[in-house]
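Read through the structure below, which is laid out as structure tokens, and then see the notes.
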């Protein structure tokens, strides 16, 4: 566990930062997804999510993060997958599906850092995310294709006779 000025970072036994995120959909059809502006690069879009707090369950962390970053409440659905990122940072992110039931007019990150949110068709969101956050595009590709992620490593169990 490491402390940042405004949060505590938690790590799993393998040294991965524990994160949670949600693909927030306008309806159960899952054809329009909500993205938020990056705090670091306000002209770029990302999937809302962030670090898990000590003793916090992944689903609870995902709901808290989308409330803080996107100003939405909703019905938490299935766990889409657990994605690892090893390139620039060691992250392990639990990604859930959430159907939005309420959009707040003002929310924590809109007031404090001017964060924006916008609905995208899934295909458009994938294109937007591939430039800046390819691992986030991967979440939607897995959802759309029902397959395994390609850039990060999915933590789906593999059979003993598969190639490493």
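Just so you know, glycine gets a Cβ as well, placed from its N, Cα and C.
Owing to the predicted nature of the structure, the values given are computational and were not obtained by experimental measurement.
Non-local contacts of residue 18 (substrate binding site) by the CB criterion (under 8 A, 6+ apart in sequence, same chain) comprise 10, 11, 12, 51, 52, 58, 61, 92. Among the features that Swiss-Prot reports, substrate binding site is placed at 9, 17, 18, 19, 38, 39, 40, 89, 90, 91, 115, 133, with the record citing similarity to another entry.
What Swiss-Prot lists as Mg(2+) 1 binding site is 49, 69, and the listing cites similarity to another entry. Counting only same-chain residues at least 6 apart in sequence, those with a Cβ under 8 Å from the Cβ of residue 49 (Mg(2+) 1 binding site) are 19, 20, 21, 22, 62, 65, 66, 69, 93, 95.
According to Swiss-Prot, the feature Mg(2+) 3 binding site maps to 65, an assignment based on similarity to another entry. Annotation note: residue 65 (Mg(2+) 3 binding site) sits in a helical segment as assigned by DSSP.
In the shown protein chains, 20 other C-beta atoms lie within 10 A of the C-beta of residue 65 (Mg(2+) 3 binding site). Taken from Swiss-Prot, the feature Mg(2+) 2 binding site applies to 65, supported by similarity to another entry.
Under the heading compositional bias 'Polar residues', Swiss-Prot lists 148-164.
According to Swiss-Prot, the domain 'Nudix hydrolase' annotation covers 17-144, on the basis of sequence analysis. The DSSP breakdown of the domain 'Nudix hydrolase' (17-144) into helical (H, G, I), extended (E, B) and coil residues amounts to 41 helix, 52 strand, 35 coil.
Among the features that Swiss-Prot reports, region 'Disordered' is placed at 144-164.
Mean pLDDT across the domain 'Nudix hydrolase' (17-144) comes to 94 in this model. Between the candidate binding-site residues, 9, 90, 115, the densest Cβ environment within 10 Å is the one around 115. Sequence-distant neighbours of residue 38 (substrate binding site) (same chain, 6+ residues apart, CB-CB distance under 8 A): 44, 45, 46, 132, 133.
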